[in-house]
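Quick look at what TrEMBL annotates:
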- A:1-29: region 'Disordered' (REGION)
- A:464-519: region 'Disordered' (REGION)
- A:35-54: transmembrane segment (TRANSMEM)
- A:60-80: transmembrane segment (TRANSMEM)
- A:92-111: transmembrane segment (TRANSMEM)
- A:131-151: transmembrane segment (TRANSMEM)
- A:158-179: transmembrane segment (TRANSMEM)
- A:199-220: transmembrane segment (TRANSMEM)
- A:287-306: transmembrane segment (TRANSMEM)
- A:371-391: transmembrane segment (TRANSMEM)
- A:403-425: transmembrane segment (TRANSMEM)
- A:437-456: transmembrane segment (TRANSMEM)
């Protein structure tokens, strides 16, 4: 392409041939803001670590600064790669996730200290440190985040693997059910793939992402039918079941596997997310009503069938009936939150380790005890920021697949936080889910960083300024000469030899006043 | 460590945490403003492009305010001459009997495309058709804003929005 030599200087920074004229209204990419927030997040995490050490009366050393510096370096590396591979990505997503992950690491480290101290008091060996392992998982998760960004250069390419992903997700999900309990069972839930001594992963976390991608791709193809076809009944437009066949089959298979493995939290999360995506795609309230009725029926059935569901509901309704037995965990969590009060006991100065599973399911109770209502609200606001930025991306992105995918992923994060924080604070019955980014657990961390990478990728495409228009001085062929391959849609047509795409009618013959197709 | 220091760190950390939340919200607000500004100048640019295209096609768009589409006109194909007054609802285009604009075109799909009004603007969206929907010369893959006077090609039918 021959460009005037005067513009040569302008375009030397750009290898995009379409950008012959530098766009004047290019909006800021937000990378500077992202870097600032990342430095802030690393500083906050380092401060949290220092405060824990102070409160635990441990000697301050430069090791702490080294930890903070290493975290900052890892984040800076992530930032540089985002700058390279997703330059227009949303500037808030990465720092918020980094801060949540860092706060989780500090809290897990703090619970490690408490567990070691109580083991020493009892004269036992201190248990293995969870924080070290979580640190390794964080590093792996960051690498995975970057890998997803580098490999998936355009999120729309995911849509072509929809059915593959759905099948792989369900098979992966079903692996623990097929393995012997020794390799798959932890605390009564058969949802793990364990390789003793090496690692254990929870396939549901990854299957969830695969199913959300599948649902987005599937719903995009059915969107038109979903929002138009159907019978009307009692003021509601009833959907046709056949339009949703594959999605319903995939969802029922996944739910069957999850319920069999006693993982009700993930089934609730998956069901809620896919239902919301159907609503996002069709915009019809009837789907929501049908879904919620189905959920109510499923919940009633689960209550009748499973003893542990009845126990959970009973603890939720009457936690103080058996405060030292079945209600112990929830009661201690409530006491912890009460002890924290408005401003908390200070990081490292409370007793969050009294709550069983404080580092996984009950990490928000631990944070609530040590940071108080004020701190816990800030953390919940961080999740709100994450979810709204995801939904904002869903609104801004131009392709319907990306829009549904971003909406589904953002809603999944929000719903997961609601289910687990609601459970811990006794708003709803407790179901075992991790708190995204905060909780101890490799699978959850990896899966959430993958979700974040997908959101960053989609937000990059949503915020990317439109490609500069074709220069006006280029000779423009008239529309009718544009070459396109046309295929007859009806099978019985035989005259394929007619010149396709050629319309001989002059463009202005359409001004006769025949109103043939009235609206 | 003196208790006063611990109390100060406790309060200080909460303040820092909230400052982070406020900083994130500030970034979001700046981003929304920039987005609104870009959308404003972007619509000017679109109007500019529309003007160029309509002057190419002999349209009557004037400089400044973009004309609001009022009717849909079929300019080529077997239905040439058909006019359709634009209503508030979406306009389904295809060979299906219940389409808003029923096409008699073997190269169009049963449910081919639709036009949806959003504010003052119409968006053209392909409904997974076999031969695709073209706005001007480009095949569209996502809902695309349609300006007055820009030809939309569906199979062998060409339609246009007019003020």
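A Cβ is built for glycine as well, from the same backbone N, Cα and C atoms used for every other residue.
Note that the structure is a prediction, hence the values are computed from the model and not measured.
Long-range contacts of the transmembrane segment (A:131-151) within the same chain, counting only residues at least 6 positions beyond its ends with a Cβ under 8 Å from a Cβ of the stretch, are 74, 77-78, 81-82, 85-86, 101, 104-105, 108-109, 112, 440-442, 445-446, 448-450, 452-454, 456-457. Three or more CB pairs closer than 8 A are found between the transmembrane segment (A:371-391) and the transmembrane segment (A:92-111), so contact between the two stretches is assigned (pairs 6 or more residues apart). Here the transmembrane segment (A:403-425) has long-range neighbours at 155, 158, 208-209, 212-213, 215-216, 219-220, 265, 268-269, 272-274, 276-277, 280-281, 330, 333-334, 337, 361-362, 364-365, 368, 380, 383-384, 386-391, 393-395, 397, 431, 433-436, 448, 451, 454-455, 458-459, 462, meaning same-chain residues at least 6 beyond its ends whose C-beta is under 8 angstroms from one of its own. If you look at the transmembrane segment (A:35-54) against the transmembrane segment (A:158-179), you find fewer than three C-beta pairs under 8 angstroms, all six or more positions apart, and that falls short of contact.
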